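Taken verbatim from TrEMBL:
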type	residues	note
DOMAIN	119-208	domain 'Ig-like'
DOMAIN	213-291	domain 'Ig-like'
DOMAIN	299-386	domain 'Ig-like'
DOMAIN	391-468	domain 'Ig-like'
DOMAIN	474-562	domain 'Ig-like'
DOMAIN	567-643	domain 'Ig-like'
DOMAIN	649-739	domain 'Ig-like'
DOMAIN	742-819	domain 'Ig-like'
DOMAIN	841-907	domain 'Ig-like'
DOMAIN	918-993	domain 'Ig-like'
SIGNAL	1-20	signal peptide
Amino acid sequence: MGHKLLGLFCAVICLPGLYAVFLVPSKNPVAVGTNVTISVNDPGTITVGLWLFGPSTLFIWYSEEVIAGSGHQDGIEFNLTTYQLTLPSVTLKNSGLYALDALKPVKSRAEITLDVQEPVSNVTGFVNMTNLVEFNNTATLTCSASGTPLWFSWHNGSSTVTAGGRVELKNSGRELIINGVTRYDEGPFKCLVENNISKAETNQMKLNISYGPDVKVTVWPEKQAYISGSDIFLSCSADSKPAASFYWMFNGNNLDVYGPSYNLTRATQNVRGEYTCVAKNAVTLRYAAVTKMIHIVDPVSAVTINPTGYPVEGTAFNLSCNVVGPVDSIHWMKNGAYLDADDTTTFFNGNSTLSFYHLDLSDDGLYQCAASNAVSNMTSQPYSLMVNYGPHNTTASGPHVAVVGSSVTFSCSSVSRPQSQYSWYFSGLNVKSGSVYMTAPLSKNDSGDYTCMAFNNITGRSSSASVTLAVYVPVSNVTVNMNNQQPILNQPFTLTCTAAGDVEHIQWMKNGMNLDGNNRINFTNNHSVLSFNPLTLSDNGQYQCVASNAVNNMTSQAYDLKVVYGPWGTTISGPLVGAVGHNVTFSCSADSHPPSQYSWFFNGTKVGAGPVLTTALSSHSGGRYTCTASNEITGNSSSVSLELTLRYPITDVFVNAGSQQPVFNQPFTLTCTVNGDVEHIQWMKNGTLIHPYNGITFSNDNLTLSFQSLNLNDDGHFRCEASNFVSNMTSPAYNLMVNYGPWNTTVVGPSVVETGSNVTFSCQADSRPHSQYSWFYNNSVVGNGPVYAKAALSLTNSGYYTCVVFNNVTGISRNASVDLTVIEAIVTVEVVPDRSIPLASQSLQLTCNVKGPYNKIHWLRNNQNFQPSDRVTFSENNATVTFKALQTADDGRYHCAASNAVKQHFSQPYDLAVIFGPQSVQIIVRPGIPPVLTCQALSQPPAVYHWILENNTVVGNDSSIELPIKSMLGSNYTCVAKNPLTNVTIFTSQVIDYPNAAVSVQASVMLMGLLILLIPVLEEWF
């Protein structure tokens, strides 16, 4: 055996390469006693290999021979086919590193560490003591178990216990210590023990913890005080374990009452006091007591209010509250709102008396007193307080004036409670009783004082009031007179007001507003005369006088006062400068009432009348024009003059550039040429006024516009406008277009072309005016114009093609070039197959033959990019496509494309149709007279068919034949299908039982015997 192992190791030390192998255990970690299988994932074929456990060899295999190693143990199995290792009923000793070394044909190694563990068992838990007293005792719970490895955790009900505060975990969690237990530590507790393969838990452990008592006393019903005769129930409870015992005490004395409840029935005041419940825990030996105070009170039974005397305004007054029953407090209310003492009211006798210092009307209202104690309250019926007063504010109402012959009515009223009694007096005599007095028809003698007397028979007070009456004759016939005067500015003027009746007052109005006197305007004769001294224009207006007395008034018709004045402020409006050959119009105006009359004079000679003068201007019309305005009433006149200057109008305005050419970045001048008297010139660009700015200046007279250095922004329509006082004219537009360039010269055209092709270059430049173009090839002129074309290029046509651009206005030229490279053209591209007949299942190679240099080749199938696959490979330069085994799925139209720096050249299509068959030959019988037999087979190209009767007679060369009537029943017909390209032949036979049979044909399997019989016939036929 040693020489075999030595030969094995010698055989593998020269093996090249490694590959990955993975080990998959059926379980890991695994329990003791379990069967474990270590499988090898996708190992391939390992002809030489080893299984190792730690440093020991379990198995070695070489070819088909398996040798157990030194580490082999009974029961361990190795499967040479799957390389699987099986360990039966493992123990802790089976834990460790397992390795598979593949040595041949390829080196590899796979390892796995198997972890064998003992399951958790024998889990027990116990507590040092179960009967404990709250806060006094400490509980220790201990957990033990068997197995490897082990983790311990404790649970209180559904919650996990953690260390902290009163809780300690010791000995890796095996011990749980609870210091100073509370009532919430009773559990149930359990210990959970786990390892990687199993877990178990102890039975539940409960602690019995005594605590309390914590006492609570409740009283039903719960009140601050109880009405005499109430039933009162006291109940005592305690949170305690075990249950507490109870006894009761009253005002510190034991009642000899035991149990959790104590009841008072129809309680009276002699049982009010402190009731105490005492609880005791017989285990904890602790006591607890709670005391409740019980108050018992008699209720209030009656409440009434009594007044003292009559309530009179300004006098003192008291209200008394009478109560039956014990009273804790009395409150007074007015109109439902509580009263407080203030500077007008006070309370005494324990709030039972409400005292008013001085009654006031504001004290009216509904008064109540409310008496209460701890168990009841009662409110009196309302007492309505109404303060008697008056009479106050006695008033007599009625007219103070009346018209002779009319009657008037007087009314008397006062504020009083109860209502006053009334009497009327005139001139000391009682004329009427009652609050209303209506007179007889009045005369002038009935003027005087009418007095009303009011009396209150409860307060004993009286009060009086009077009305003074005056009787009048009404005003009529009111007019304003001017007494034939003329109202002339700065002279005195008088207006007089006349009226009939008892006139007490005259008021003057101007334009509907009252008129007051001043240093020019005064009133005389009881305001009947209005005097102006002197008149001014501000006195114009509508004047009226109003005559009035106490019973009526009347206003006169309006007198329209218009002050006569003028003429003033005489002015002439019209031009100061006139154009010879044109008309001129002057207007004259003056401020005057009535309107003035006008006369016109030229250099002292009268030339017209009226406010407007129009005259035609000649060269002698310049001079002084005078207007005189006159007022016939005031006798005044006023004159004003104007000097007219003559000017000749402007004609023929235009912009002149001379012989200059406007060139970019060069100076340029425009001149305004004008005929006529020029006073002002201004320049415009595109309709907008131009002002001097950086780069643009004007001559002193503005005739010249100068550009220091033209730029493209100066393009535009320029005009000059010439003007004087009589005319203006604007020149036609001068269209300034700045000449520039050529700029940005570029040549557009290909940089690489093929021999034999044509090329066209286009030259472009930004220029005004358009540039002239010349073409140079290697410094020789070859053409003119912006486009240059050359046909039938050869390799010698490579080189620089230069376009020279020239502007004959700016005198500037620029050039641009393109470097043309002419390469050899791809002449032809074709697809060449390596065989003329592409047979199914055979290989096929397509070669792309390219005539001419190229950069790369790519293939297309049915006009889509064609890529390699597991059945199709491409040569390194893509020139050849190889089909490993042709299938009908490879049918299609194939192109190859060869590319150079210019473009792609495509081959003519190669149409691949894979040759196959014939396959699946079958005979179909169509019943009828005569019956027809049809032969079908799958084939590319389509198969040719021959029919043989009874294995030796050819009866047809088409796919279908008609059976002759004379055919005997049971005849055997054979169809032979042949591929004309591959010469592959296949056949099938059919026995015809009767001529008109409706057949379902079952193709027979080719029989070697029949083939032998047919070979002579077939050889002769083909």
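The backbone N, Cα and C atoms fix where each Cβ goes, and this holds for glycine too.
Each residue in the domain 'Ig-like' (119-208) gets a DSSP state, and the totals come to 3 helix, 46 strand, 41 coil. If you look at the domain 'Ig-like' (742-819) against the domain 'Ig-like' (474-562), you find fewer than three C-beta pairs under 8 angstroms, all six or more positions apart, and that falls short of contact. Annotation: stretch 391-468 has the most Cβ pairs under 8 Å to the domain 'Ig-like' (474-562), among 119-208, 391-468, 841-907. DSSP states for the domain 'Ig-like' (391-468), grouped as helix (H, G, I), strand (E, B) and coil, give 3 helix, 50 strand, 25 coil. Per-class residue totals from DSSP over the domain 'Ig-like' (841-907), listed helix then strand then coil: 3 helix, 34 strand, 30 coil.
Each residue of the domain 'Ig-like' (742-819) gets a DSSP state, and the totals for helix, strand and coil are 3 helix, 52 strand, 23 coil.
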